[in-house]
Every structure is written in C-alpha cells, then in structure tokens.
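Undergrad: Sending over a structure as structure tokens; questions will come in a sec.
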C-alpha cells in the first residue's frame, strides 16, 4: 500500500503511543530514504456526484506510527546481502582455481548475480522512485528470501547426509546462516515503506495490515489484539479500525471513473483489480501445489510401513517434516489467497453500491415508456412512475408506466444494492476456490496417472462424463436465479409500498388485503425457491457422487484391466488424492451457482447503470443565453413527462416567461393546471420538447461563489408541496449541509414561526424527524422545509404551495415575516399558491396557468385589469392599495371587508416591534448536539442464542423430521467409514496372500471382483443416503422460509403504529430484503455442510483413537486449543456480523430517502454531498464487513494449523508403532488424519458462515416479537350490524401520549357530538388536531378517559370492526400503485357507474363524461387528456404521477364511495384551489348530511357553518361551542383567529346565518 502522507519528523513518544495532527504540508520516509512528495489528488473526474475528499478534512485525523527501528533493519539487510555476495564470489573464485566442476562455478556465478539483484532491490525500495512500488518490492524481497531459505536448507541437509569437501561445507553453512538471518528479518519486517503517519476518520485508529510484518501477514496475527479486545468486551463501532485508504469508497470511485471514461463497465471492474487478481491466482497455484504434499507424504509413509527395509528410517522422519511444512505453508497461503480475493470482492461491492447510488442521483424524475415504441424497446426500457420528492408532480398525468414492470422503482434499486452487489462480491471472493479447484483437479489427475498409469484415464473419463450434467444444472440455476430476482424485486417493491403507506392501510383496515397481495407474490417466489432446492440437491448429489464414481472407475480399471494387486499405499494414496479433490468438488456446485447468479446480478446492474434514463437537467440548463433570453424563465419552451409528446401525456406548451430577478412571482391556477410542473420544468426535471429554459447555478458541478455583500450565491433552493425531510434532526434538516450561523439560524426559526414548536417539542430542534422519531404535524414539516430554503444562501427560491398545510395565523406570519420579510430582501421568490388574496397583492409578478398553458403573465395590477381573478372588488382594491391582504375565500365576491378597517388587536398581533422580534429570536433554546436523542438500531450481544437455533429448527420441522435427519446423517457416516474400512481390509488381504495364490483369486474364496463389488455397493448406498439427506434438509429449509416470512409479515403489518414512528423503513426493508434472502437460499446450503463436516470430524477422531489409543492424549490437547481459538474467534466474529447487519440498514434508509427526494437534492445542488454521505455510510458498513472476513481467514489458518498438528502427530505415532500396525490400517488412519485438516478448515468455514447467516434469522425473529396492535376482532364484543347507526360521539377526559416515557399530547379532553353534527377542529399547527383523529382509530390508546360512539366504548371492540365503521381523509393523501379503480374500490364492491358518479362529485371529471370515459363534448386541441376518464389509468406508487390536489380529491372520492356514518377530514382540501374547495364543501354537506363529520381545517370559511367548533391549544380543549357563540365571545381564541384571517365580518355574518337556520330547524322539529 502506498501511504497517504508522511511526516516531516519521526513520531515516537516514550511509550510508543500515537499522536494526532490536523494539518501537514510535506512528508518524509521513516525508512531511511529521502523525502517523498505528498501525493496530490487531481480533481480529474468531472462529475458533480463525487465530492472531493479535501472538502471533508475536518472529518479526519492524522495518526502517527512508531518507526519500529526500520533504519536498523534496512542496514542489517544490506550488510547480510553484501556478505552473501562476497561469500559466493569467494566460493566461485576458489572453485575456479581448484578446478572444481563447471556446475559449482556456474552455481556461484548465478548466486552472485542473484544476491546482486537482491542488493539492488534493497536500495531501490527506499528511493523516491519506489514510492508507488515499495509495497510490491518488499513483497518480492520477502518471497525471494523465503524461497532461497528453503533451497539453502535442502542444500544444507544434502551436505550433512553426503560427503563433500570441507570448504564447500563451510560455504554451505554460512550461506544457510545468512539466508536464515535474511528470512528472519523478512518475517519480522513490514512490507513497503512505513509512513510516519496515516490519515484516518476522526476518532478511529488505522488498520494495521498494511504496516504489519511479513510473518504477521502470513499468520494473520495482526488481528489478534482486536480479537482479545472482543473477548473482553463486545466490539463496538468505535473500537474497530478504520479502512485503509485503498479500500475507501471515495478512492475506489475516483479510480473506477478514471478508467470508466475509456472502457466498458465490465472491463473497468476487472481492470481495477487485475494486478491483485493475478497475484492471488499465483498464490492459489502455489497453495494448490502444496495441497498435494500431505498426500504424497502419506503414500511414502505407508510405503515405508509396508516395507521398512527399503527406506531408511531418517527418510520417514523427513517425510513427517515435509508433511508439516507443506501443510502449514498451504494453510497460510490458502488463507492469504482467500483474503486477497475477499478484498477484491469488497472493492467491487463498494464500487457497485457507489455507482448504483450515483446513477440513482442522475435518474430522471419520471421515465415513461413510449407507447409508439416497439414491444422490444418497451421491454428494454420499462420504467415506472415518477419518484419526485414526496411531492411528485404533475398536476398531470403520465401514461401507462405505472402498470408496467419497473426497472427504476425503489424495490429494484434496493435489491441491486443489497443483494446483487453482494452476490457479485461473494462470487469474486470465491473465485480463489474455483481457481484452486481447477488446479487441484488437473494436478490430481497428473499424480493419478503417475501412480496408476493408464488406469487413471478411466477416472478422468468418468469425471468428464459428469461435466455436461453439472453444466446443465449450473445454467438452470442461473435461470432460476434470474426468475427469482425478478419476483423478489416485486416483493420488495410491494413491501416498501406497504411500509410507506402503513397508516392509510390501518385507517381503512386493509391489512389482510395487502397481506394477501404480498403473500401472492411470496408464493410465486417460494415456487421458484423449490425449483432452486431441487436443482441444488441434484447438483450437490452429482458432485458428491463424482469422487465415488471416479474411485470406482480407478480401482475397477486397475484391478480388472491391468490385473495388478491392490496394495495399501496404492489404495489409500488413490483415495487420498480423490479426497483432495472431493471437498473442492463438493463446493463446485455452490460455487457455480454463485458464479451464475453473479453473472445475472452483473447483467442487472450493468443494464441499470447503462440505461438512458438519465436526467437532462444539466444539459437543458447549460444552454447559452441569447441577447434577449431571460435570466430565469422560459423561451418558447414546451415540456412533457413522457419521452415524446402524446395525447395521453400532460404537457406544458409554448412557455415564454421572464421571471423578475430579486422579486416575488406568484403562480396561480386551478388544481391540475400545471403549476408544480412549471416549477419542475424550471428545475430541468421535465423533458424539454423545444425551446430553452434558464435557471442560474443549477448546471454547475461546483458551488457558486457567495456575494460578499449580500451573502447569497447564484444558486437555487426549493420547497416541495409535500415536505421532504431527511432522517435526521430538525436542525440538520434546516441546515441541510450548510455550516451553522447561529444568528441566521435564529432569524430563520423566528421567520418560519418555529419558536413555539421548539418549546413544545421535548428535544427542541434536536427532535428527530423523517421516518423515525416523534411524528410532526404536516404544518410543522412544511415550515421546516421552508426554513431549509430560507436558511440557505441561495438567491433564488422556488416555493411550491408551501402555505397550504399551515394554519391561517401561521400562514399570515410566515408570509409577512418570511416570504415578505427581511430574509428575502434581494432574493428571487417564485411562489405557487392557491391563497391568492394573501399572496397576490404584494407580488411583483403574476403568472396564471391553466391546462398546461400560460393564460396570463404580468403585474398584479395588469392581472386585475385583465380580470384574471374574476369579479373580485376587494382583491382589486388590495392590489391597488398594495396593503397586506386578507386570505382568499371560495366566493371572492362575498369578501367585502375593507382591509383598512382592522382592529387594534389585529395590529398588535401582527406588528411586532423590532425589539420584540429580537427578544423572540434570543429566546430560542439552542441545545447541544450531545443532547440529541439516540435511536440506534438495537442488536443482540454474545453468541447466537440457543433459542434462535431451536426456533429455526422448529420452523423446519417436528421432532420426527429431525429424528429422520439425524438417522440419515449417522447412516451416511457409517457408509463413508464402511467404504474406507472395506478398502483397508481389501488391501491387507491382498498383502497377506499375494505370495500364495493368483492375483485374481485373493482371500480364499473371494476374488478382487468380490471386494470391488462390495465397495461399489457401499458407495451407492452412501450416495443414496446423501441425496435423501439433502432432500430432507432443503424441505425443512423451505418450510422454515415460509413460516418465518409469514410470521414477520403478520407481525409487521399488525404492529403497533408507534413501531413505525420510531423505526425507519430502511431497517424493516433490511429484514425483508437481505435477511429473508439469506434465510431462503443461504442457511440450508451451509447448514448441510456444517452437518457433513461435523460428522466427518467426529468419525475421524473415533477411528484414529480406536486404532491408536495414544492419540487420545494429543486429541485432548488439540481439543483445548480448538476451544480457546474458537472461543476467541466466535465472540468477535458474531459481534462483527451484527454490527455489519445494523450498519447496513442506514444504507437502505439513505437510498430510500434519496429516491424520494431527488428533485429537492438536485435543486439545492446537493448531489455531491449526498453521494459523499452515501460513501461514508457504506464505508461505515464496510469496516465490520471487512474485519469479519479477516477473522474468518484467521480462524481458517488456525484450524488448518491444528489439522496439520493432527496429521503430523498421527504420522509420528504410525512410524513409531510401525511394527505393530497393519499397512491397511495405517493408510486408513493417515488418510483420515490428513482429511481431518481439510474437514476442520471447512467445518470452521461453514460454521462461521452459518453463524453469520443465523444472525439473519435472529434479526427476523426480533421483528416477529415486536409489540402488536389489539385484536382485529373480539368475538365476544363485536358491535351490532350497521354500527354506528346514529353517529353520536362522547369523549370523556381523554388523555393521550405517543409513548409512556413521552409527555401527554392530549390532556383531559371532554366533549360530545350529537348524531349528524359537523364539528370543526381548529388550532395552531401542532396543537394536536390530527392526534385526536388518530385516537378515534386507536392509533393511540387512551392513557386516561375513553371515547364512546353510539354507546360503545371503542376500546372494547376489535380494531377491524372499529376502523371499517369509520372513514378518514388523511392530511397526507395516500394512493397505491395500480389503477384509478383499484384505488377507489380495492375490493371491487362498486360498479363503474357508481365510481364515475363519485369522480363527478369531487370534480375530477366533468358532468359530460359518460361511463366509458369518453367526453361528449369536443375537446379543443389545447385540452389535456384526463386520466380519470379511464378507470384503468395507472396510478404510480404513492400516486406520484398525480398532483397533490388530485390525490386529495381521490382520497375524498374513496370516502364518498364508502358512505360512512362518521367521517374525519384532516386538511382534506388544503392543496386544492379555493373555487374547487367551495364546490367540494358543498358536495360534502350534501353527501354527508346525515353523517357526523369532524373536520380539521385551516380555512375557517369551510367550517364556519358547522354545528360546533373545537379549539385546541397545546393539546388542551380551550373552547367548544357553535361558531356564532365563539365568534361573538370577547377575547376568545377562535374570535382572534377569525379577526386575523381578515374576513371577520363575513365569517360573523355566515356564522350568524347558520346559527339562526339551525335554531329554526330545531323549532320546526
């Protein structure tokens, strides 16, 4: 590794501690070399989605490294190398003068050249030229020293056992001594130039691997300190090492994009790791060769036991020594190779997730499928509905993308990140095993040919004959995986939609319906899973059978064709060789499955990365301006949401607008006119058909410079119609990446009327919002979103109807103090608004839009003269006087209040003095960040609990299932042992009678064919039992998957609403995504190997101990070592796996937030910050993810080392007891001992993976046991049919709180509503109005008091009975992916005629539209296609292809169809224009005249004729009476609200009129 930086001085204190430094300018090598230049990272990647790391210097520390006597090491190294040169030079000269053989002279000359090359490398490594190559040079030197040391030791042994001249013996001795010294130095020295310090993330320490010694790298001992720490206390994220520089996402992404410019996606991926990939393959080749060392030694040792006289005893001990070194070297290199491939895999995972996220940032807000394109193009370009902030756009309609399979929906993108990227990473990781398998197979065949001669060809043919079968299985598995991923995409998308809209599902008691829809998709997924299990079982049995068939072919041909006797050394040599390839072949099935799955995943990711649905925002906004082009605006521009203009696509046509800079522009128009689309077009988010659009600051990748005078930059801020907030604190949502300016922050909070909200909220501005934390009201969220735009340094603000969700008093405050306040001076503000009387009079420019066309643009005075606002004398006077206006009403003609006649109370309320404003701003409490509440994801500690295993095993099957499975495992091992024992008996019989009878007639009455037939029979029994065991295991796995998914689905869907308030959707999706995928496909695969290798280990220990009882002593010692190592390992690895799982949830969360807020992120120019944040979250997850695999490799090395000790000890005992043990038994025991090492390695490996996978089961079970809602139905307390029949309501001393530890949000509320009453609920934003509505649906259970409806306490009946009897139109209108019809009538209970009639009532279709959807009137060419005329028109996920107002009308229509007796309207018409609102209010009064209505409203005009008004303040009831009584009450709160509305006299007149009419009706009754 090349170091980040170095230091101008050596850093080493008295205790060898670490120093931290913040800045540096230059660096120096601590290796005795010269000063090295600091690498300067050029910003060569012209991509706005990558943030330069130097923008985050405050997030890093510089940690000093102790020098570790590197200068002394370098000096000794060079001295010893020079001494070796002199030694061989002198030896060569003397050999020449003594007329020695030419070989000796040439050898000396070659040695001199070799050591001269070494000397050159030792100097070259520490020069400035070697900066980038120092690591490679050091590794090269270490390998050369190691190789030469091995050669010198062999040469030294030769000198000892043979006679040579004394001089050459001395030369050999010193040569070996020097080689040993250099080898020790290499082992104890780090590779490469050690820097004085390294750069790490703040508060962390560096990863020691790049600076570890060669021996530490070979044995992974650099990990031990962390394991010891994990043994003492559970590991936490702050105790883990930081990633090294070359493993961090920003570094990898820069490298990837530098190559990506000139190469394909796949070649770029390969090119990034081609060098380490080749190195790892070389290591794999060497490791594979060394794998056969023990097998060769086995044959030689058994040959010695067969004929001790033919081999010297010291050679037998040499074989044991070779067995030890080859096994240990193979263990080290094998672990090193696997770790190298795992690092490559981790690199690919980081790059892929980063690129998927970057592509998501660049995607179009909406991508429609062109109806005119061919079916093939449609299949290739399937896209979905717009994912526009939560606001999505278009007051318009898109074509049929919502009904098509989507390549861009949240579920698919999350799957690409969570599953596909991981599969590719795992496949590259296991490439080492695949390479080793190929090498081992070929080398095994070579040794078999050497051992058996032509008989080995039969085994090779048998192997090749089975290859086509396995190829077919692998291809079938790839197809299966592709089908599975397509269904999984749909399931995850469906799950995400359910979670995002869980409130509306619970409001309407639709849990069972959506569960059935999800389970329908799940059943299809399980069917594919069953096919996978059948294929995997067949493939596993095939690979299990391959070694057996090969052995039968080899032995059968050897004794049947050649007629040779079967000796113990040959039999067990053959079996040992076949066993060497057996385990790799057993894994080939899984590996090929993984590779084919990875290929499918890579195709999916490449298609996503390369598709052409990239936003054209930057190209649109980068066009050069003409001399008459507007600075902000349009020039003869037309836009659409589709790829081309179509009759069924909403379009903006022929826009030419020049928005005045530094002024307030108001965009007005009816619902669905195209107002939001105009803002989206201005932001470059729509498809430009012709013309030009201009907006400063958006198209640049760099942040525009701030004007030193105004403090503003030529950039844009955007406030969406439906507030989009990130999963963070209120403070961070407002700052949105900007540095804290406390004075400006306080001014923003004051201007946006958030002061009181901060006082009410327990944690103030550190309250967490978004998908977790305390729920905020819609008005609070909107004002936070507005505060974000105001606080920014953007000079140009685009505000999309930001006043609609705010109460009247707060709206007036925000308009005066914020939009027209001092913080907006000199800033351009383009405001979409329905509240024209409030916003229009003080505007500088008006744009009127209807039907996608500009109907008017000009000043308010010109608009008044053009009669744009209708016959409205009051608004006309307001415009002419430029006074503060009154809010608009639905009937502008009736607004006859003179705005100049205001009460002194209103003036006092509206006109705060400057001193009062300063006092309020100063009163804002700024809490310290350390006081922020923590809502980290919980995780278990310690080992996987036994209860988790037992639960999973219970899900798999009953006790009879497990009894059958255990019997199958026992029978399998008995068959395996019987095979080997029979071969042992066969070979011993051959040896005992070989000299007495014919080879073809051995053992008295039995010949070779008899022994071979019995062996074949046992082998096929073994294979049959293995297949049955596999079938049993996969059957249990499918049953467990079914039950676990069903249980977690039930648990989540019926969970308490509080669970969704405090749990981000990303955490839940993590369970339904990666964890369920692990349960489905991973656990059974590795569980079968756990059972297999565990049984093998037990069998080996039993057989060896039975033949050689002395082995029990060694077994006890080895058992203690295994216990210590496994205990050290298991605690840390499991905690790391848990940390990995919990740190992966934020990645899901961040992806989801980004996809929902693309328009806002791009409008603010925050792409690079979000990309960097994604990389930070990813690296945070990669820290435990990386270390857990290092732990795995360390454990593998330790296990193989223990296995080596078992084999060496067994070989030692066999040689020691060779005169008392038969060769057949000796071969059997030694074969088992050597296989013990392999079995131990794979057991540890699969047990580790199984433990990790069981963590997924643990996490799923965790969410099965969450708090549930009360029962849906209580059989003994069901309400009568038709309840509620009257609609009376009694609320008695009701108190509510969100959680027991939180303060009350409603306190002591008592009121009564008679049947048919209309009750208006008013109060300041955040007063608790929506909370009361949720209490009627029992989203919050009463802490005190009760709610009684028609004489029934609602807490005594089931939730489904309650919620089906009520109806609500929520504050946030929610629709589901599907069609117009499926959203209005999900259960198909109503006819098309009834649905069309309802759509007419809510004015989504006109009265001339017939049932077929055709309009009887002739539409003009300018008319837009109305999707509501076709009930099969698609609705995107969350209704994102409809405007906010259209969604609200859809929700109202859904409730109208239901015709409930009690209905709640929670700001149901807030996003609808006033004219439509007036018509809707009339419709509501007519349609629900016999129903009890509770309306939460900010528009007082809509509730002034209600029976009662309920006034809330801070969760308490302060007023409850008729509107007329309250409006005539002096100093009353409701009266004050009416006065501040500006239409007090009109409201009083309407209230009095309604009061008298009701009195008259009562008298008549």
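The backbone N, Cα and C atoms fix where each Cβ goes, glycine too.
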Undergrad: Ranges 1-37, 38-74: which does TrEMBL label region 'Disordered'?
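TA: Of 1-37, 38-74, TrEMBL gives region 'Disordered' for 1-37.
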Undergrad: From 1194-1217, 1266-1289, 1290-1313, 1314-1337, which range did TrEMBL mark with transmembrane segment?
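TA: That would be 1194-1217, per the transmembrane segment entry in TrEMBL.
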Undergrad: Can you work out whether the transmembrane segment (454-473) touches the transmembrane segment (316-341), with the criterion being 3+ CB pairs under 8 Å where the paired residues are 6 or more apart along the chain?
TA: no
Undergrad: Which stretch from 137-156, 168-198, 316-341, 528-561, 1086-1105 shares the most C-beta pairs under 8 Å with the transmembrane segment (1194-1217)?
TA: 316-341
Undergrad: Can you give me the average pLDDT across the domain 'ABC transporter' (632-876), rounded to a whole number?
TA: 84
Undergrad: Residues of the same chain, at least six outside the transmembrane segment (1009-1035), with any C-beta under 8 angstroms of its C-beta?
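TA: For the transmembrane segment (1009-1035), the nonlocal Cβ contacts are 533-534, 536-537, 540-541, 544-545, 548, 551-552, 555-556, 559-560, 566, 957, 961, 964-965, 968-969, 971-972, 975-976, 978-979, 982-983, 986, 989, 1002-1003, 1084, 1087-1088, 1091.
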Undergrad: Please check if the transmembrane segment (316-341) comes into contact with the transmembrane segment (269-296), where contact means 3 or more CB pairs closer than 8 Å and the residues in each pair are separated by 6 or more positions.
TA: yes
